[in-house]
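Here's the structure, in structure tokens; my notes come after.
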Amino acid sequence: MALNCGHSTIKYLLFIFNLLCSLCGIALVVIGAVSLVKLDEIREISDEYNIIAPSVLLIVFGSVVFIIAFFGCCGAIRESYCMTSTYSFFLILLVIAQIVIAVLVFVFIGDVKIAIQKGFERIFNERDNKLNADLIDTIQSSLECCGKSSFLDWGLNFPQSCCSSGGTAPVCVPYTHGCVSRLSEFLESAGNVVAWVSIGVAVVELLGLISACCLANAIRNSERRYS
């Protein structure tokens with residue numbers, strides 16, 4: 001099937017675009033996996049929100065992006081109207097889903113931060129429980145913080161996980177930041193990364209969607225001329 005010069009250009013641009021989308025899909029999976037590992041360490045703080053859900057969704061969407069992009073590459077190179085149209089349809093759904101995820105993250109990140117902060121304060125007040133103590137140690141080591149507001153919350157007997165340098169607690173230099181503020185900063189940062197990466201990839205996919213629709217229309221017109 002012969003396409004004119006302009007449509008042939010769109011065809012190869014769409015192919016290149018889908019290669020880039022494949023890389024975006026891999027990037028989403030990597031970012032989702034990294035944030036999942038970090039968030040999994042503090043997921044037990046709150047029973048109200050499943051804070052790892054956005055990371056899991058990001059991994060799922062990254063995988064879907066990769067598969068759809070591969071499908072788009074095949075449709076563009078084979079000049080298949082059916083494959084290109086199907087690719088466009090799933091790309092529309094994917095763009096909408098990613099925008100919805102970003103909006104939900106922006107809307108609920110404040111509530112999640114409050115719930116996590118309250119959860120940490122509750123666990124800290126019940127730190128005599130070994131499970132809670134182990135969770136606090138994990139959070140303090142990972143986020144480089146100590147206590148709720150500062151190391152003074154521990155009195156004179158803060159744990160080893162509060163130490164910012166060599167030495168054995170309490171004869172060491174403790175972290176100066178409290179974990180409540182650190183948790184807030186971490187969740188804010190993680191939420192912004194998930195949301196803005198989703199929006200950025202959605203914008204790129206929207207450009208691919210326009211190109212795919214143009215190519216599908218050109219393929220259909222070419223099929224009519226040669227049928």
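Here, residue 1 is simply the first one shown, and the rest follow in order.
Each residue, glycine too, has its Cβ placed from N, Cα and C.
Annotated features, as they stand in TrEMBL:
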type     : residues  : note
DISULFID : C145-C179 : disulfide bond
DISULFID : C146-C163 : disulfide bond
TRANSMEM : 12-36     : transmembrane segment
TRANSMEM : 56-77     : transmembrane segment
TRANSMEM : 89-109    : transmembrane segment
TRANSMEM : 193-219   : transmembrane segment
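In sequence order, A169, C172, V173, P174, Y175 make up the list of same-chain residues 6 or more apart from C163 (disulfide bond) whose Cβ falls under 8 Å from its Cβ. A distance of 6 Å separates the Cα atom of C179 (disulfide bond) from that of C146 (disulfide bond).
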